[in-house]
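S.K.: Not my notes, these are from TrEMBL:
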SIGNAL    1-21  signal peptide
DISULFID  Cys65-Cys147  disulfide bond
BINDING   Asp97, Gly102, Asp104, Ser106, Glu121  Ca(2+) 1 binding site
DISULFID  Cys98-Cys103  disulfide bond
DISULFID  Cys153-Cys387  disulfide bond
BINDING   Pro195  substrate binding site
BINDING   His225  heme b binding site
DISULFID  Cys232-Cys264  disulfide bond
Amino acid sequence: MLNGWVLAVVFITVLVSLCNPRGVSDIAFSSSNPPSFSSPFDFSETHHLFSFLSTLQYDFYRQSCPHAEKIVSSSMALIHSRRQDVSASLLRLFFHDCFIQGCDASILLDPTTGDDTYSSEKQAIPNLTLKGFVEIDQIKEELERVCPRVVSCADILSLATRDAVVLAGGPFYPVFTGRRDSTRAYFEEAMAELPRPDDNINRTLYLFAARGLDERDMVSLLGAHNIGKIGCQFILNRLYNFSGTSLPDPSIDPEFLNLMRFKCQEKEHNNTHVSHDQVSPASSPTPEASVETLRRSTLGMSYFQELSPSLSLEGGFDTHYYKSLLSGRGLLYADQQLMADENTGRLVKGYASDDGSTFRMDFARAMVKLSVLDVLTGSQGQIRERCGF
């Protein structure tokens, strides 16, 4: 547990970085070759960022459930000791929640039994392979035993994700609490507005900008791909049927293409791959058996070691994701597209140029911004007794 003064220093440091982020625009370019994007300090953006302080608080449950955050952190430590890939799972789950209508735990809602007209976000195609629901439910059950109907599922997911990041070797960042849970899910929005593995750079930039996240936020948040595996189902179209051509992506180096195909055997394409054309909308969700097959699939690729054999350090929150992109070894088309734009390409080069400290600081800053998107507070929403309904 951090001492109070240490926590205060970290808290102030991250808040200051929100106003004046360090990093790529400061270190990677000379005065004769400045970056083309705007200055990192923007008063209107900073004012918007700090507006959440009127509704969220640091240690919101200090009176109503004083051990809440300790219960989350101790639970996460135990879960991580048994399943280290939980960090990547929760990061993805948290991102998919916050990106659709804000950080409101709507992603956790189950489908309504007997109501064929209602579909949960879990049933949206981009969410079929999400994991981490069981772990969030476990933490919620523990908190309900101590403080019934007090701690929201949205706050549990936010805190658990931060602790998962730290346990995976990532940076600490402050999590402000006081969120409430959504009363409904947003299936259509999840189908249409989540970034896709085959998105080009323009669509990815648009989706992030629509949520107040700038280029720096986007490139640093995508650095979460440093940990965990990219499931083969997200790669196969690029390997065998890029843009419906029945051919691989021509931009992939032949040697790397062979490696990717070897890691993701072609037979997996027929057994577990679900495309946007194969799955119909809310009226006919994917069969549960197919969803479970996708979620349990162990075939995947990491951005570490097998992709960048020259790296000698252990994979984690460092720069190997960005170095992979510089060498043209982005697993997802959307990842490699970061090099197709001058500004995002410069950010990739900047993050890859040091020991990872710039990326870690910017990632922490971006996670704070992401975690306060369109939160429900006060009398809005609800506090669910169970996160699934």
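Every residue gets a Cβ built from N, Cα and C, even glycine.
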S.K.: Of Glu121, Pro195, His225, which binding-site residues come within 10 Å of Cys103 (disulfide bond), going by C-alpha to C-alpha distance?
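M.R.: Candidates kept after distance check: none.
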S.K.: Out of Cys147, Pro195, His225, Cys264, which of these recorded positions is nearest Glu121 (Ca(2+) 1 binding site) by C-alpha distance?
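M.R.: For Glu121 (Ca(2+) 1 binding site), the spatially nearest of the recorded positions is Pro195.
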S.K.: Looking at the recorded positions Gly102, Asp104, Cys147, Cys232, whose Cα is closest in space to that of Pro195 (substrate binding site)?
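M.R.: Given the candidates Gly102, Asp104, Cys147, Cys232, the nearest one is Gly102.
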S.K.: For the recorded Ca(2+) 1 site, enumerate neighbouring residues of the same chain (Cβ within 8 Å of the Cβ centroid of Asp97, Gly102, Asp104, Ser106, Glu121, site residues themselves excluded), in sequence order.
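M.R.: What remains near the Cβ centre is Cys98, Ile100, Gln101, Cys103, Ala105, Ile107, Ala154, Ser182, Ala185, Tyr186.
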S.K.: Near Asp104 (Ca(2+) 1 binding site) in space, meaning Cα within 10 angstroms, which of the disulfide-bonded residues do we find among Cys98, Cys153, Cys387?
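M.R.: For Asp104 (Ca(2+) 1 binding site), the disulfide-bonded residues whose Cα atoms are within 10 Å come to Cys98, Cys153.
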S.K.: May I ask for the distance between the residue listed as 'heme b binding site' and Ser106 (Ca(2+) 1 binding site), taken between their Cα atoms and rounded to an integer number of Å?
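M.R.: Given the Cα positions, the residue listed as 'heme b binding site' is 23 Å from Ser106 (Ca(2+) 1 binding site).
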S.K.: Rounded to the nearest Å, what's the C-alpha distance separating Cys387 (disulfide bond) and Cys98 (disulfide bond)? Just drop the number here, would you?
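M.R.: Taking the Cα atoms only, Cys387 (disulfide bond) lies 15 Å from Cys98 (disulfide bond).
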S.K.: Measure from the Cα of Gly102 (Ca(2+) 1 binding site) to the Cα of every one of the disulfide-bonded residues Cys65, Cys147, Cys153, Cys232, Cys264, then give the nearest.
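M.R.: Spatially nearest to Gly102 (Ca(2+) 1 binding site) by Cα position is Cys153.
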S.K.: Just checking: which of Cys65, Asp97, Cys98, Ser106, Cys147, Cys153 have a Cα that is within 10 Å of the Cα of Cys264 (disulfide bond), counting only these recorded positions?
M.R.: none
S.K.: In the structure shown, which of the disulfide-bonded residues Cys98, Cys147 has the fewest other Cβ atoms within 10 Å?
M.R.: Cys147
